[in-house]
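Data first, discussion second: the structure below is written as structure tokens.
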Amino acid sequence: MVVGPSCQPPCGLCLLLLFLLALPLRSQASAGCYGIPGMPGMPGAPGKDGHDGLQGPKGEPGIPAVPGTRGPKGQKGEPGMPGHRGKNGPRGTSGLPGDPGPRGPPGEPGVEGRYKQKHQSVFTVTRQTTQYPEANALVRFNSVVTNPQGHYNPSTGKFTCEVPGLYYFVYYTSHTANLCVHLNLNLARVASFCDHMFNSKQVSSGGVLLRLQRGDEVWLSVNDYNGMVGIEGSNSVFSGFLLFPD
């Protein structure tokens with residue numbers, strides 16, 4: 001049996017299918033040409049990804065970019081979170097004094113001070129002589145009984161105020177003739193006391209309250225009736241003392 005030269009073997013991926021289809025026919029045909037190729041089979045499942053290839057060579061440098069123009073100003077952003085408190089800075093220079101504040105309430109009474117020693121003024125002097133004082137003149141008392149502050153001056157016969165306030169002045173005189181005594185404050189006559197002689201010896205007195213300022217002077221004087229004496233048992237006394245300081 002001669003085999004025709006037109007028959008060619010199958011190829012490609014369809015070989016397996018053609019082989020399977022041709023198995024029944026081959027049992028019947030003992031000789032002859034191959035059959036017609038069958039239809040293409042269904043595509044197989046996708047294969048797995050292959051392994052990474054080798055790193056390629058370094059590329060050429062790119063073209064330099066052209067600087068762009070500045071864009072418009074953006075919108076104001078939201079305030080950020082407050083930061084941590086910083087360290088205290090150096091102390092600044094002192095400011096100008098402020099205005100005085102309102103007056104506060106009265107405080108508690110303080111400890112009692114040495115009021116008595118700071119506000120004392122007292123004296124007592126006597127006139128010890130049998131001679132009458134000069135008429136129409138100041139009367140000097142030449143013997144000091146007490147004068148701790150030295151506010152009475154025996155040389156001038158005047159008391160000088162050093163502690164302003166209310167004072168009391170008093171005198172007691174012995175006289176053997178008519179007597180008029182004037183109590184003077186600075187250049188003014190404050191009070192006059194006159195006593196006319198009825199017996200061989202008499203006593204008269206007078207007193208006055210005066211409010212004095214620092215530097216005021218107080219003294220006694222007589223007029224033509226000047227029968228004042230000062231002998232043992234018949235003294236003439238002039239006293240003054242501070243009652244209430246200002």
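Residue 1 is the first one shown; counting continues down the chain.
Note: Cβ is positioned from N, Cα and C throughout, glycine not excepted.
Features as listed in Swiss-Prot:
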{"type": "COMPBIAS", "residues": "99-108", "note": "compositional bias 'Pro residues'"}
{"type": "DISULFID", "residues": "Cys180-Cys194", "note": "disulfide bond"}
{"type": "DOMAIN", "residues": "32-113", "note": "domain 'Collagen-like'"}
{"type": "CARBOHYD", "residues": "Lys76", "note": "O-linked glycosylation site"}
{"type": "MOD_RES", "residues": "Pro37", "note": "4-hydroxyproline"}
{"type": "MOD_RES", "residues": "Pro40", "note": "4-hydroxyproline"}
{"type": "MOD_RES", "residues": "Pro43", "note": "4-hydroxyproline"}
{"type": "MOD_RES", "residues": "Pro46", "note": "4-hydroxyproline"}
{"type": "MOD_RES", "residues": "Pro64", "note": "4-hydroxyproline"}
{"type": "MOD_RES", "residues": "Lys76", "note": "5-hydroxylysine"}
{"type": "MOD_RES", "residues": "Pro82", "note": "4-hydroxyproline"}
{"type": "MOD_RES", "residues": "Pro97", "note": "4-hydroxyproline"}
{"type": "MOD_RES", "residues": "Pro100", "note": "4-hydroxyproline"}
{"type": "MOD_RES", "residues": "Pro106", "note": "4-hydroxyproline"}
{"type": "REGION", "residues": "44-116", "note": "region 'Disordered'"}
{"type": "SIGNAL", "residues": "1-29", "note": "signal peptide"}
Top Cα neighbour of the residue listed as 'O-linked glycosylation site' in the set of modified residues Pro37, Pro40, Pro64, Pro97: Pro64
Lowest local Cβ density among Cys180, Cys194, which the record lists as disulfide-bonded residues, within 10 Å: Cys194
Cβ-Cβ neighbours of Pro97 (4-hydroxyproline) (radius 10 Å): 6
Tally of DSSP helical, extended and coil residues in the region 'Disordered' (44-116): 2 helix, 0 strand, 71 coil
Candidate modified residues Pro43, Pro46, Pro64, Pro97, pick with smallest Cα gap to Pro82 (4-hydroxyproline): Pro97
Other CB atoms, at most 10 A from the CB of Lys76 (O-linked glycosylation site): 6
Nearest of the modified residues (Pro37, Pro46, Pro106) to Pro64 (4-hydroxyproline), judged by Cα-Cα distance: Pro46
Other C-beta atoms that fall within 10 angstroms of the C-beta of Pro40 (4-hydroxyproline): 10
Pro100 (4-hydroxyproline) CB neighbourhood, other CB atoms within 10 A: 6
